[in-house]
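Noted in TrEMBL for the protein shown:
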| type | residues | note |
| --- | --- | --- |
| ACT_SITE | 85 | active site, nucleophile |
| ACT_SITE | 205 | active site, proton acceptor |
| COMPBIAS | 1-13 | compositional bias 'Basic and acidic residues' |
| DOMAIN | 52-218 | domain 'PNPLA' |
| REGION | 1-43 | region 'Disordered' |
| MOTIF | 83-87 | motif 'GXSXG' |
């Protein structure tokens, strides 16, 4: 739930391949035209500033939840956050400054079929129970503070994938209620959720086109540096998408989406090399799990989720001085 609608990698940076394949056509301008600037148009806004980038990963976002809770407790504020999939959900709660909320919800409902599972599928046509999450949880059980969200000057952008073009778009989530469909689109995993329609176009999970939008943030939006929270350990390498046969059957009418899905592992692994290069240059500070993560996309074991949340808190605490100095320099 950004601005430029062109794919990442179309700029003069030495970094290429972070976003969707250059063979695809550029997608149309997102929404009503509020975020239609071309590459580099936002550079003056980001100049000299530090952004926060949050990778997705479904329940692996528990690591991110631990990291951002420590940052909130320690008063680490940043001017912009770019969230992908579960990272966008974490970004919502970082901007609303609701410490512990993501962890509470995941622990309380990880084994609830209304949240993730067959009841959600029956109710929404998607494995993720968006109606339950947005209406029962967000409005009644563990309310989201949209007033605090709007009052925070930090900007939140969510990465989404245009399924017609297979490219990433980055709309701003200005209001968590009015723009909630942008967040839904960012978290809509292929095959197990329905595409989300936004202004006449269909969208799926942002990670398909741009898993960790560091090139977009540093090169196109012009931020000086970024704190990057990953949900896989440093040695992780993504494998080819195992469900490509099913995807080819389901999305036969969307060849550019299929190309993005089939090449995602290559672009992801190359993008991580870019992240390490930015880190060596002093333009990225990476917070990543210290060990391989065993939590899956769907995780019913609350104890494993709690352990991952604690791991995020511990890593953020260990790196706290670095995080503060990097954010403030």
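The backbone N, Cα and C atoms fix where each Cβ goes, glycine too.
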Under 8 Å by Cβ from residue 85 (active site, nucleophile), counting only residues of that chain that are 6 or more apart: 56, 57, 58, 61, 159, 186, 187, 189, 205, 206, 207
Residues of the motif 'GXSXG' (83-87) by DSSP state, where helix covers H, G and I: 2 helix, 2 strand, 1 coil
Mean per-residue pLDDT computed across the domain 'PNPLA' (52-218): 93
